[in-house]
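Taking it in order: structure first as structure tokens, then the write-up.
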Amino acid sequence: MKAASRSILFSVLPLLFASAVHASICSTKGIPLVRDINALSQSNYGRGGLSHITVAGSLLHGLKEVEVWLQTFAPGTRTPIHRHSCEEVFVVLKGSGTLFIAESSHEKYPGKPQEFIYEDWSMPHTAAKLKFPYDWDEKCFHSPKDEL
């Protein structure tokens, strides 16, 4: 392949990926490995003080076990009490917060939560009801079909 042909091919490929990404927010195919976070859709889902971007997600991009979010909370903002059926990793770049984790949340009467102290977010995860899909998943969530 000539150098000019390769140059055109590599120039066109990003456009193909970009058109696939913009074709559907819930698209699972054609998602490039490296993306510009500034170009991704963000929302506050009706909650003042929240900015949420799903960088990569199970419902949004077809991932099986991992979701990567970029969330920004204004001072004094909190999430409603909730829990997830997966592990979570928090990286606090600035400010502080409180995270409550139940030792045995899968049991009928879970024990006292373990507390990671940053500041007060008030209620522990153990008082939560599982919410799925979460607000940012609802636009891409389709009920699973029974397969017989």
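Heads up, the Cβ atoms here are built off N, Cα and C, so glycines get one too.
Copied over from TrEMBL:
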BINDING   HIS82, HIS84, GLU88  Zn(2+) binding site
DISULFID  CYS26-CYS140  disulfide bond
SIGNAL    1-23  signal peptide
HIS82 (Zn(2+) binding site), Cβ-centred 10 Å count of other Cβ atoms over all protein chains shown, is 14
GLU88 (Zn(2+) binding site), Cβ-centred 10 Å count of other Cβ atoms over all protein chains shown, is 11
